[in-house]
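Beneath this line is the structure, given in structure tokens, with notes to follow.
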Amino acid sequence: MDLSTIYEILASALRMATPLLFACLAGLYSERAGVFDIGLEGKMLMAAMTSAAVAYLTGSAWIGLGAGIVASLIFAAIHGLASITFRGNQLISGVALNFVASGATILISQAMFGQGGRTPPLNGAARFHEMTLPFADALRPVPVLGPLYADVLSGNAILVYIALLCVPLSWWVLYRTRFGLRLRAVGENPESVDTAGVSVVRLRYGALMITGILCGFAGAYMSTALQAGFGREMTAGRGYIALAALIFAKWRPWYALWATLLFGLLQALALRPDVIQGALHLAIPGPALDAMPYILTVIVLAGFVGKAIPPRAGGQPYVKER
Amino acid sequence: MTETPTPSERQATAAPLGDGAAVPPAIELRGICKAFGPVQANKDISIRVMPGTIHGIIGENGAGKSTLMSILYGFYKADAGEIVIHGKATPIPDSQAAIRAGIGMVFQHFKLVQNFTVLENVILGAEDGPWLRRSLARARTELKRLAAEYEIDVDPDARIEDLSVGHQQRVEILKALYRQADILILDEPTGVLTPAEADHLFRILAHLRRQGKTVLLITHKLREIMEITDTVSVMRRGEMTATVATAETSPRQLAELMVGRKVLLHVEKAPATPGREVLSVRGLSVTDAAGVARLKGIDLNVRAGEIVGIAGVAGNGQSELLEVLGGYAAATGEVLMNGTALDLSARADGRSRRRAGIAHVPEDRHREGLILDFAAWENVAFGYQDAPEYQKNALLMDNAAIVADTRGKIERFDVRPPDPFLPARGFSGGNQQKIVLAREIERNPDLLLIGQPTRGVDIGAIEFIHKRIVELRDAGKAVLLVSVELDEILSLSDRVIVMFDGRIMGERLTAETDERELGMLMAGMTETATGAQA
């Protein structure tokens, strides 16, 4: 196995990690606010379909992205209505929305385009294309770091860089702003926020809106950058892997980056059985690699790698009492 | 500690009379009413508290104290009435408004974020802008100042979960002070504290008073009222029965006002003929999870054919006693049931207690006596689901037999409506209690533990329940009755034991005591102390 294959796989890992990272950070905001959101998958799917359809119709990937975010936000708002306002069960609401998304995306795209639940292939400005980062070619000769910069980091769609920037941004929002302080507090002990005179409901809706926006990015990336169009069930469980990554990351932004990169790497390897066979002289079936994120998450949950303590008020609707 | 509140004592006498003081009261409530469904939690409450004083509000559990304070802090909206702060009518629709009006509240259960630092908890909701850095810096200097001014020393960078309960409470007080509160409400602040921590708290409160703050202290402990307050209001069953200057009252008077004196419900019963000892308790002690001693060496016995009543203001260890005897709390000491030692470890359970001949009608029937969403017949089987007559074969239960048994119980105990399939929630409080009572009594136990038998029960059912308890006694069974209703204790028991602060204050034969004497004991005063007081 030569170096260029390694760089290839790393580049692929970064691409695979991007939707996971968006979705993982999306889940981080809602879960930190005390709202479990198992509907990341559904929101991503809605966003993927909507942004591909709108990008095809308008010929603009950016307008597609905007539309995808709106679709995802609508689903986030429904989840909020069910689980915050009406204090319903958050898991059931999330699962229900996933089912709705799964059916609705196929139904709508079939009704619009009649191509078996797919959107027509995107090209030109309707897609996010690879962009070359400055000095990529100049830095390539630098050993190790050069190719890492030029061949792995550079040459990706702009959404990849937005995802990476979201990591420090989320850290800063969470730990350095008033909103972040309140967000973390409302997920730990909503009564403390309520008695401090801050609205629990408003905070939680705010968190869900951020979740919706980030899921919109995740979905749009899938259909307008990673691939050129929407295909049925194209998110393929990434919303659940993102939740697994969130636990793996112990609900922290930087850990979320490492967790999703690791899971992305596993997905990239699953796509290249030849590489593993070449390196290990062992045939590991792709599905086994696909299962790794879940296995790793179970190991973390079992407490083998430090303890993952979820936000204390997670999953419980807030009811005021004495 | 005896602070000498020079300015406050003058105002203390003015407060209850309210005759044209130049300074308007810090807090004035006018005609506050609040109902939860059919329950009137607060009935036409009016109160005036002068600035720079500590005002106590005392009353038993469920008297409406916490409701009143929640209204003052904007947690509940009053149905009627007016709140006047420093002479200005101030509607308080939410906590934000209360904070703006300068009201701070320290809840009984702290509202702190466990994995935040002290600083983060203090600024939460009172930040100086969208960025934290400045707020944290200001809070740090401000906490230093407050620590010096009020002797409230807490490490600003400590995480709440690493702090003792006493320190956590100080964080709550700091939170209020940081928000410039000049009225501080403390709800049962000493319930979770060790005596040393409680003393420290009172020193802090005295400091606050000296600095001109107004403190509202909610408690059911008379000692605290006498020790620290300037004026005191007594609440009973949602009503404010009296407001007096602390210096002009006595624990005895307060105890009477708290417990109230209503017409004794007369229970027909012949003199008891106690037989052999059924239950014998020696040196029973319980320390709760927070490290607070709840029972401190209880000795008592109950004989066959007698009703022993445990009197006391709620929260003095009666509940813990029942929990230990009922098998769902661990304790140290020794308990003999019919001469056999009971398991007091955490492994004990209700089933082993039932096997030993103990039946238990718990204090809180909604939480421990019934499953409200289950039908009456299912509730009848709970705890006795292994009874042979309820089994069809080795695998299946005989539901028809349970339903038939329930029909019998419903008839014998006059449960209305007579429907074994109605969920427990659908019965009135009295009928719910009859279902629990029927389940426990008809198993023919040697000892019946019964807590608050008539709480939330209508008059007709009270009479019925009392009669059944007496019948059980006359059948030669032992009964241990816990009630905060002194009337009930006096009319039912043959012997009265008074608990105070986890200890037994005294024991009297019902025939040889009266409400006055018991009230004194409930207030934690023995005869010798009475002499000193008088």
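The count begins at 1 with the first shown residue.
Cβ atoms here come from the backbone N, Cα and C positions, even for glycine.
Nobody curates TrEMBL annotations by hand; they come from automatic prediction.
Taken verbatim from TrEMBL:
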TRANSMEM  A:6-28  transmembrane segment
TRANSMEM  A:63-84  transmembrane segment
TRANSMEM  A:91-113  transmembrane segment
TRANSMEM  A:153-174  transmembrane segment
TRANSMEM  A:205-224  transmembrane segment
TRANSMEM  A:230-248  transmembrane segment
TRANSMEM  A:255-271  transmembrane segment
TRANSMEM  A:291-310  transmembrane segment
Intrachain residues whose Cβ lies under 8 Å of the transmembrane segment (A:6-28), provided they are six or more past its termini: 37, 40, 43-44, 147-148, 151-153, 155-156, 159-160, 163-164, 166-167, 170, 210-215, 217-219, 221-222, 226, 235, 238-239, 241-243, 245-246, 249, 251-253, 256-257, 259-261, 263-265, 267-269, 271-272, 275
Top partner of the transmembrane segment (A:153-174) among A:63-84, A:91-113, A:205-224, A:230-248 - counted as Cβ pairs under 8 Å: A:205-224
Among A:63-84, A:91-113, A:230-248, A:255-271, stretch most in contact with the transmembrane segment (A:205-224) (C-beta, under 8 angstroms): A:63-84
Remote residues contacting the transmembrane segment (A:63-84) - C-beta distance under 8 A, at least 6 residues beyond either end: 35, 37, 39, 42-44, 46-56, 90, 93-94, 97, 101, 126, 159, 201, 204-205, 208-209, 211-213, 215-217, 219-220, 223-224, 317-318
Spatial neighbours of the transmembrane segment (A:255-271) far in sequence, C-beta under 8 Å, 6+ residues away: 9-10, 12-18, 20-21, 24-25, 28, 164, 167, 170, 241-242, 244-246, 248-249, 286-287, 289-290, 292-293, 296
